[in-house]
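Data first, discussion second: the structure below is written as structure tokens.
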Amino acid sequence: MASWIFKLLLLLQCVLVLIQHADSSSIIRYLPGFEGPLPFELETGYIGVGQKEEDQLFYYFIKSENNPEEDPLLVWLTGGPGCSSFSGLVYENGPLAFKVETYNGSVPTLVSTTYSWTKVANIIYLDQPVGTGFSYSRNPFADIPSDTGSVKRVNEFVRKWLAKHPEYFSNPFYVTGNSYSGKVIPAIVQEISNGNYICCKPQINLQGYVIGNPVAYYDHDKDFRIPFAHGVALISDELFESLKASCGGSYSVVDPLNTECLKLIEDYDKCVSGIYEELILKSKCEHTSPDCYTYRYLLSEYWADNETVRRALKVVKGSKGTWERCDYRVLSNQDIKSSIPFHINNSIRGYRSLVISGDHDMTIPFLGTQAWIRSLNYSITEKWRPWMILDQVAGYTKTYANKMTLATVKGGGHTLEYKPEENSVLFKRWISGQPL
């Protein structure tokens, strides 16, 4: 009985939201926490996708500060699944960031950045899959999101967004993102490309994609954590050699009868339990402490949960409870097991791709990224070399015949935020066709 009452209440809430809202967009000139008018053009809104447009995907669109009529148009997808694109906007490559200071109960302070990709590109920061950030579903009984469902919905979103903003149809278009979205993005590129070939006019001026520390195939990616840990002196030679001998190089899917391998993996887990895997150089600490690096993530949650902020962003009232930067309750059917077939298809069609890898990320180690790129068997057009900023090594790069570029970021982590200036230089060079 109680469960039916709960479902009825959910249904009533959705009816109220439905009454309030259809596809909408608003120009935002001021944001709580930022002093004065915004120094860039921001639009927020919803686009309905899926059956009867039940899924309302929320976005932040920021015009290029250079030449928006001609500069590339990007859609940015944060990983998770379940992490809001607002995380990319304020922590990775957007024109705003939070001033890191102890929360005092007021609206957290926003400041301008120097490294935003919007210096040279128009960017749509998209909250997806549904349930992420401020996106929501009108149907409380909707199916659990899936990788393949996300592919179709992002494609639908992009086409509908461009129909409402036809002045951007001719701009070079790229799909961008990091972490888990790196597994889905190549499939989205293929879906958009298929639409261009098969059905949809006007065509999207699709040029390629950018993925940072991307998931390619989870079991494959995880298998490289132990070799990475050994390479950076987190585990001993003896433990590493024993793991190789007992587990045969497969550490993520282990035969339950192989007790020796399982015991050695337990020993490995103990060795690295105090390591912050997203950037092994950072301290692993309690995120509620202002001295902890991840404390800054709380500021976005305090900010987005403020009612004044929601009104400023034109968030539909009643559509979202507590906002979370990464809501891992947004379950997803991970039905794309590997991105590799999509990379192959996209390269055959001539799309450019940039794969960025922070070299101190143990979540998706650069060793695994290099391995799956090697498996594509692309010929090399430019051998491994350092790329530089002001005569200093910022990372290493290699270019392939099929328009794929791999670039590591020295001292970088799982996302762009750990080296935002270096990642900005890297992106600006690549997107303009300059050598890295």
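Quick reminder: no glycine exception, Cβ is built from N, Cα and C everywhere.
According to Swiss-Prot, the active site annotation covers Ser179, Asp361, His414, on the basis of similarity to another entry. Look at Swiss-Prot and you will find Cys83-Cys326, Cys247-Cys261, Cys285-Cys292 tagged as disulfide bond, backed by similarity to another entry. The N-linked glycosylation site annotation in Swiss-Prot covers Asn104, Asn306, Asn345, Asn377. Annotation comment: Swiss-Prot describes 1-24 as signal peptide, evidence class sequence analysis.
The structure, with features from Swiss-Prot marked on it.
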| residue | record | CB count, 10 Å |
| --- | --- | --- |
| Cys83 | disulfide bond | 26 |
| Asn104 | N-linked glycosylation site | 8 |
| Ser179 | active site | 23 |
| Cys247 | disulfide bond | 21 |
| Cys261 | disulfide bond | 20 |
| Cys292 | disulfide bond | 17 |
| Asn306 | N-linked glycosylation site | 17 |
| Asp361 | active site | 26 |
| Asn377 | N-linked glycosylation site | 9 |
| His414 | active site | 23 |
Asp361 (active site) versus Asn306 (N-linked glycosylation site) - Cα distance in angstrom: 33
Inter-residue Cα distance where the pair is Asn104 (N-linked glycosylation site) and Cys292 (disulfide bond), in Å: 17
Spatial separation of His414 (active site) from Asp361 (active site) - C-alpha basis, Å: 5
Candidate with the highest Cβ count within 10 Å, taken from the disulfide-bonded residues Cys285, Cys326: Cys326
From recorded positions Cys261, Cys326, Asn345, the one whose Cα lies nearest Ser179 (active site): Cys326
Residue from Cys326, Asn345, His414 whose C-alpha is spatially nearest that of Asn377 (N-linked glycosylation site), among the recorded positions: Asn345
Residue among recorded positions Cys83, Asn104, Cys326, Asn345, His414 with Cα closest to the Cα of Cys261 (disulfide bond): His414
From recorded positions Asn104, Cys247, Cys285, Asn345, His414, the one whose Cα lies nearest Cys83 (disulfide bond): His414
Using Cα positions only, nearest of the recorded positions to Asn104 (N-linked glycosylation site) (Cys247, Asn345, His414): His414
